[in-house]
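A.B. asks: Submitted below is the structure of interest, expressed as structure tokens.
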Amino acid sequence: MATIEGTFEKSSSLKVAIVIARFNDLITNKLLSGCLDCLSRHGIDVSESSNQIDVAWVPGSFELPIISQELARTGKYEVLITLGAVIRGDTPHFDVVVSEASKGIATVSRETGVPIIFGVLTTDTMQQALERAGIKNNLGWSYALQALEMGSLMKAVT
């Protein structure tokens with residue numbers, strides 16, 4: 001029996017795109033910082049002049065799938081990370097945005113064969129979102145680790 005796993009080693013050559021929602025940017029900027037910190041610590045050049053990473057801003061989480069699709073189709077990236085923050089309000093808008101964003105991102109990943117990390121926080125309150133994007137527990141770091149592992153795993157199976 002073969003065991004196939006992704007690793008975090010030899011990830012310094014990985015080409016990554018991050019698609020990030022501007023809505024709730026107090027949160028998404030923190031997620032981006034955590035993400036970039038993790039990638040940098042694993043050898044990926046995250047400087048402004050880097051040819052390893054690109055960051056695309058979209059208005060909100062609902063728009064993440066379409067830009068992810070276009071970036072994945074370029075063939076330039078080995079993995080994408082989507083970042084967003086959807087906080088429950090008094091209307092059903094939350095449910096619609098979360099449902100469509102998650103389904104859309106999953107569909108794009110399956111159809112293009114490019115792993116896309118779903119880094120969209122879905123919380124009931126702003127406080128919950130801040131806790132998940134904070135200094136002690138920044139999920140942006142975790143999303144970047146998932147991207148490194150999936151990039152490595154895809155290389156191992158293809």
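The backbone N, Cα and C atoms fix where each Cβ goes, and this holds for glycine too.
The 5-amino-6-(D-ribitylamino)uracil binding site annotation in Swiss-Prot covers Phe23, Ser61, Phe62, Glu63, Ala85, Val86, Ile87, Phe118. Here Swiss-Prot flags Asp90, Thr91, Arg132 as (2S)-2-hydroxy-3-oxobutyl phosphate binding site, drawing on sequence analysis. Per Swiss-Prot, the feature active site, proton donor maps to His93; the stated evidence is sequence analysis.
Buried or exposed, and what's around them? Tell me for each listed feature.
C.D. replies: Its own atom aside, the Cβ of Phe62 (5-amino-6-(D-ribitylamino)uracil binding site) has 20 Cβ atoms within 10 angstroms in the protein chains shown.
Thr91 ((2S)-2-hydroxy-3-oxobutyl phosphate binding site) falls outside any helix or strand according to DSSP and counts as coil. The 10 Å shell around the Cβ of Thr91 ((2S)-2-hydroxy-3-oxobutyl phosphate binding site) contains 8 further Cβ atoms across the protein chains shown.
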A.B. asks: Least buried of the recorded positions His93, Arg132, going by other Cβ atoms within 10 Å?
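C.D. replies: Minimum Cβ neighbour count within 10 Å, taken over the recorded positions His93, Arg132, occurs at His93.
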A.B. asks: Thr91 ((2S)-2-hydroxy-3-oxobutyl phosphate binding site) to Phe62 (5-amino-6-(D-ribitylamino)uracil binding site): how many Å between their Cα atoms?
C.D. replies: 16
A.B. asks: Across the listed 5-amino-6-(D-ribitylamino)uracil-binding residues, Phe23, Ser61, Phe62, Glu63, Ala85, Val86, Ile87, Phe118, what is the farthest Cα to Cα distance, given in whole Å?
C.D. replies: 16
A.B. asks: Tell me the coarse DSSP state (helix, strand, coil) of Phe118 (5-amino-6-(D-ribitylamino)uracil binding site).
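C.D. replies: Strand, per DSSP.
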A.B. asks: Applying a 10 Å Cβ distance cut-off over all chains shown, what neighbour count does Glu63 (5-amino-6-(D-ribitylamino)uracil binding site) have?
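C.D. replies: Other Cβ atoms within 10 Å of Glu63 (5-amino-6-(D-ribitylamino)uracil binding site): 20.
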